[in-house]
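Notes to accompany the following structure.
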Amino acid sequence: MQLTQEEDFVKGDSTPTTEALQSDGSAGSPAKMCSECYVNQTFVHDDGTVNDHKPRSPSAPLQTHSSSSGVILDIAALNMEQQESEEVPPLPPRFRFRDLLLGDQSFQNDDRVQVEFYVNENTFKERLKLFFIKNQRSSLRIRVFNFSLKLLTCLLYIIRVVTDNPGHSAGQQNANSGNVKCVDCQWNGSVQDREINWGLIFWVDRKVPVWAIQVIVAIISFLETMLLMYLSYKGNIWEQIFQVSFLLEMINTVPFIITIFWPSIRNIFIPVFLNCWLAKCALENMINDVHRAIQRTNSAMFNQVLILICTLLCLVFTGTCGIQHLERAGKNLSLFNSFYFCIVTFSTVGFGDVTPRIWPSQLLVVIMICVALVVLPLQFEELMYLWMERQKSGGNYSRHRAQTEKHVVLCVSALKIDLLMDFLNEFYAHPRLQDYYVVILCPSEMDLQVRRVLQIPLWSQRVIYLQGSVLKDQDLLRAKMDDAEACFILSSRNEVDRMAADHQTILRAWAVKDFAPNCPLYVQILKPENKFHVKFADHVVCEEEFKYAMLALNCVCPATSTLVTLLVHTSRGREGQQSPEQWQRMYGCCSGNEVYHIRVCDSKFFGEYNGKSFTYASFHAHKKYGVCLIGIKKDDNKSILLNPGPRHIMAATDTCYYINITKEENSAFIFNQEQRKGRPAGGLYDGPSQLPVHSIIASMGTVAMDLHNTSPPDGGKLVPPSVNGAGGRRPSIAPVQEIADSSSILPCDLLSDQSEDDSVFTDEKSTEYVKGYPPNSPYIGSSPTLCHLLAENAPFCCLRLDQGCRHNSFEDAKAYGFKNKLIIVSAETAGNGLYNFIVPLRAYYRPRKELNPIVLLLDNPPDNHFLEAICCFPMVYYMAGTIDNLDSLLQCGIIYADNLVVVDKESTMSAEEDYMADAKTIVNVQTMFRLFPSLSIITELTHPSNMRFMQFRAKDCYSLALSKLEKKERDKGSNLAFMFRLPFAAGRVFSISMLDTLLYQSFVKDYMILIARLLLGLDTTPGSGYLCAMKVTEEDLWISTYGRLFQKLCSSSAEIPIGIYRTESHIFPTSESQVSVSVDECEDTKEKGEESRSNDQSDHPLLRKKSMQWARRLSKKSVRWQGPSRDSSRDHGQRIAQQRLNLYRRSEREELSELVRNRMKHLGLPTSGYEDLTNLTASDVMNRVNLGYLQDEQNDHQNTLSYVLINPSPDTRLELNDVVYLIRSDPLAHVPEETPLHRSSLKERHESETEPREDTQL
């Protein structure tokens, strides 16, 4: 039996009662029972201990104790029983049955002891303390009541002053003292001539109702003060007595209580106005309780401002009431005049029209000024300190503004000016985001550059900087993350440990998701292996994935980095429009093209193509409106398909993705002249010809298309014209079919290229390629891509390029005998991101005969985990070395390479001085340009502003002109001010920070990341096309215009062109300083003919000095070798003179060539390959991009420049060597799963149809 009543605990009797024993016996437990009757042999107590039952001897007497009855009174009795008895009484049968049903719970409940906690709070003092002090809400009510009482006392004092009659109070006091003085007469004398009437100071005229109310308030205040003093007593009574607040309470309350028992002093003066200081203290405590009740901790600034205001008010109120009362014995100033005097005095104006006349009031003024001079500076100092700290931390983003206005939060580890301006320019480039606020949450203090920018009115009204950590809920609350429209979390890419930077980003993303689950997350991650940790985010951009994929495509599709960068930047195409250069105007105009989306049923561009094929809609939309339809998304599918092919039929619910200068909603439609006159325009459509806004794209009526008889008589289908018409007319371009015909489009040769590939690789023994998915992915989250693979994985020893093994003895690139030129990648380590460089270059849609060998030039040898991932790919090798070592470059086969990719090193991304992180990379690349002028080098830089140092020439007028153009565009607020730098325009330099705008643009265009991944080959969606390129040759110039090329590609191979990469010759202006040539060189110009020379004046002294030194060495050595014959010495002297002349005339190009040949001979490498590269040909010139040194090596001043034209107008003329960007449809999209016999027949049919297809191929 368990006693739960409080009475049983209070009794304190440790012995069981008789009733308890009887009740226990009535329950079926006999008083005497042998231990052998126990059923259970083991008992488990509440504390977890186990007692094994031991049968006792029969001679042992059975002890009847309190424990046998089952009554538990207290812990002491329980412990005593455990010590005295080792036996446990048997359980009654009913308890056994209950235990059988309920388990051990009922048994344990019977032995439990009820324990009450926090009994110390049940005392009367603690309950009062809880009500008056500890409890937030009750304490707040008490403080509000106390504050109201103090304000009431001040109000009663003002009422008493207003109703005061100094003559009545003075007459009463004088009557009591027997001295009558006239106070009503005018006093015109000075203070010294009159005696101060002290009675007017000590006695006042207090009305009975005012007195009664003041007494009641005084009693309440006195009792409350004594109670709080009792509750807050901590052992030192004198400390509490001598507190200023306690003394003021006693001064203002005790005299009123005394007047109850001593009526004659009811009119004595009591300084009740001093209660304003007590009201100030009560207000401070009340505000603290309010902040504590609403869980507001960041209120120091508000409290300090409140304290300062209350201090000023209390000083003014105290001075006003004190001077008014003391002047009762003087000039008898009113309360308003006293207030006026205090304001004038404290403001240091001091008109002098109202002044105190007696010395007590003058002394009070002096005391008040001294107090103000001491108290106010301290308050202002504290306020300024808090203000400065708040300026650093940024304060708070108000909840009212968060609920009424829209804002986004930008979370970064360290905010740099470049990152901030990129974000602000891209974010606010969209018209509908102009009313958004940007809240920056950064743990570091704002630097001077950022502070200077945020003080500009353009940004100060819309950008709020908060210093704080994302991991703190208080800082997230300050930023109102739960009300934010989006949260951008950016990684710090300049950290030495990029993995640690990713870990910080992951924790920030988790913290935001935990605090605000409904806030959309936009996360930037650095390493691909960390991407799956933030998979829950709405949009994720992995830096290394995009970087390596873009650099890889740059090798097969030139300037892919420039193409994608221009697409993800917001621009209106106004850059360079004021330039006199035609290419700059054209390049800047086309850079304004971006990707937009619209539903077919809502579109005027594509609405009329409902029910037509995708290829038909893309071609005619470009022909009619100048927009390039690149992709589609079905209503029932979340995947975006780039160029799904002609078999896709446009539906009204499809979402179209197109490239245009602006979106359709912001486009204007202009009728051409023929339609204004009412005549139908000759063509396929009767609708108006529509142009985008800003007059960017020219009239489409001028496009010369060979579309004759475009209105077919039967069924509305286009009839293909004859290939060879009368009179030997050139071949016409077939029209694009509305509905795809399976016979009109041949199957892609990429799926059946086995026969031609076998003929190409017949000389490679034991090399067999298959198409499949890579078996070993280096990290979680990589998208599976169908690739060319080796039938058997290559051994790790065979992956080493410069070392032979038991499988092969090759030790250099020349020994392998590659058919295609190499692609060399220089990286610091073999990270997982490098895997994304290999996959796009080994994708299944790349023809096998066009696969380039890949050589990884690594500073540090790769680990086995990375080698396992790449050993399945054909022609992928690695080598340990650096680009600043000429021997490493020669061994890896740089003279046989077509492209060299220099990846930014992680160890150099951080530098003590800003923008110096790229110094080593730039100098090394400059050296390689000098050594290997025909090599195409693609460089990644940390800072985009350092692009101006690529191919740098100090005296190049054209580069200086481009620099001025860049500054002008930057001053205009352009997001693409760097676009006119020749290395960037040609795709030879790239910075990953340029892709930050991809994440920012996803806030408005949630499809941009997916489209960019599809273009770069990072994702492969079934049915989606891929990006490739084709080169315009002389045989293709008959097409003449981009619009005709669009039609030919759509009609023949269902490919969608999206832009042109153009390389053209350009005559750069020169100055006199650049073409300064010595007199001796001018005399030998005709003799040298085509010989190239250095034109840079700064190069001649150094070259001349080196040449003369080498000539002297040769002449000294020749003296030792002279023979006795005079004729032989004369011939030898002539030879030396000729050598000296040749060395003097030798150009820098010849010196560098000789250096490379000597190193190759030293390494045992054949120099035959390099001999062919020393003399640059015209094709080498066209492949290079403003190298800056061709002027030193050619006899003319011609050079080349390259640039990208995105979605040019249809009447753009095609030029020789143009590279056209294409989106080719997926060759696996419409290939049914057939038997091998059927596949072979398909291959045979394709081979039989190869001949007629050659007429339409470019």
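Glycine too: its Cβ is placed from the backbone N, Cα and C atoms.
TrEMBL does not curate its annotations; it predicts them automatically.
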TrEMBL record, transmembrane segment, of the ranges 263-280, 335-352, 785-802 the matching one is 335-352
Per the Cβ under 8 Å criterion, with at least 6 residues separating them from its ends, the transmembrane segment (211-232) contacts 125, 128-129, 132-133, 146, 149-150, 152-153, 156, 240, 246, 249-250, 252-254, 256-257, 259-260, 266, 272
Can you check how the pLDDT averages out over the domain 'RCK N-terminal' (405-541)? 92
What is the number of residues in the domain 'RCK N-terminal' (820-960) that are helix, strand and coil, as DSSP sees it? 55 helix, 29 strand, 57 coil
The transmembrane segment (358-380): which same-chain residues, six or more beyond its ends, come within Cβ distance under 8 Å? 191, 196, 201, 304, 307-308, 311-312, 315, 318-319, 322-323, 326-327, 329-330, 342, 345-346
